[in-house]
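Trainee: After the structure tokens below, expect a handful of questions from me.
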Amino acid sequence: MWLEESQMKSKGALHPRRIPWVCAVVSISFLSACFISTCVVTHYFLLWKRGSALKFSDYHTRLTCILEEPQPGATGGTWTCCPVSWRAFQSNCYFALNDNQTWHESERNCSGMSSHLVTINTEAEQDFVTQLLDEQFSYFLGLSYEKVEGQWQWVDKTPFNPNVVFWKVGEPKDSMEEDCVVLVYDQDKWVWNDFPCHFEMGRICKLPGATFDWNPSK
């Protein structure tokens, strides 16, 4: 049953014309809090913000958004949003797990979270990823040796660059059974080592983050 205007006033209800202003105040307060610190939002807030569907599946219903460091002189910046508990770096999201699985089980687990085993394409990315890891564990990468093609390949089909590698000294050994790659902590640094794919290791999953630009002057 709809309330008449007089009833709304007597009951302290909001006049319909005030509702947009209240929504605006709530939105401004929300965004101000986000600008001060990392912001946790829902998938649906970002659908409204961007006006389009995100890359995330319904598996990830809550996201953490961070504002990337703006360029000197810039008036705005870029928000990168990742599922809660994932870490953002250069528009991608990363999640490390220590429980042991085989390489194929690890990739299936990542796929179930709309991601893949991690690809590493730069030294900066290698440095970031290794900050997430526990030195007591080793972690599968999304890199494996395809005997038919006779070369290393990333699981997400990212081109493999032989000039951007971080092999342990003496690796890879090109053993018949060591067709998968793990990150291992050896002599005070994280390095790549080829391992049998049926060994059980931890894993690192990676997926593209959701990004949108923010400009306070607009």
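For all residues, glycine too, the Cβ spot is worked out from N, Cα and C.
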Trainee: Just confirming the record: what cysteine out of Cys197, Cys205 does Swiss-Prot connect to Cys110 via a disulfide?
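Mentor: In Swiss-Prot, Cys110 forms its recorded disulfide with Cys205.
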Trainee: Among Glu146, Glu149, Glu171, find me the residue Swiss-Prot lists at the same Ca(2+) site as Asn193, Asp194.
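Mentor: The record-listed residue among the candidates is Glu171.
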Trainee: Look at the disulfide annotations in Swiss-Prot and name the partner of Cys93 from this list: Cys81, Cys82.
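Mentor: Answer per Swiss-Prot: Cys82.
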Trainee: Just choose from Cys81, Cys180 the cysteine that Swiss-Prot connects to Cys197 via a disulfide.
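Mentor: Partner cysteine, according to Swiss-Prot: Cys180.
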Trainee: Could you name the residues, excluding Glu171, Asn193, Asp194, of the same chain that surround the Ca(2+) site, i.e. Cβ within 8 Å of the Cβ centre of those residues, in sequence order?
Mentor: Trp167, Lys168, Pro172, Lys173, Glu178, Val181, Val182, Trp192, Phe195
Trainee: Out of Asn100, Asn193, which of these recorded positions shows the lowest number of other CB atoms within 10 Å of its CB?
Mentor: Asn100
Trainee: To see if you understand the setup: which same-chain residues, six or more apart in sequence, place their Cβ under 8 Å from that of Cys197 (disulfide bond)?
Mentor: Thr102, Trp103, His104, Ser144, Asp179, Cys180
Trainee: Count the Cβ atoms, other than its own, that fall within 10 Å of the Cβ of Cys205 (disulfide bond), considering every protein chain shown.
Mentor: 24
Trainee: Per DSSP, what is the residue count of the domain 'C-type lectin' (89-206) in each of helix, strand and coil?
Mentor: 17 helix, 46 strand, 55 coil
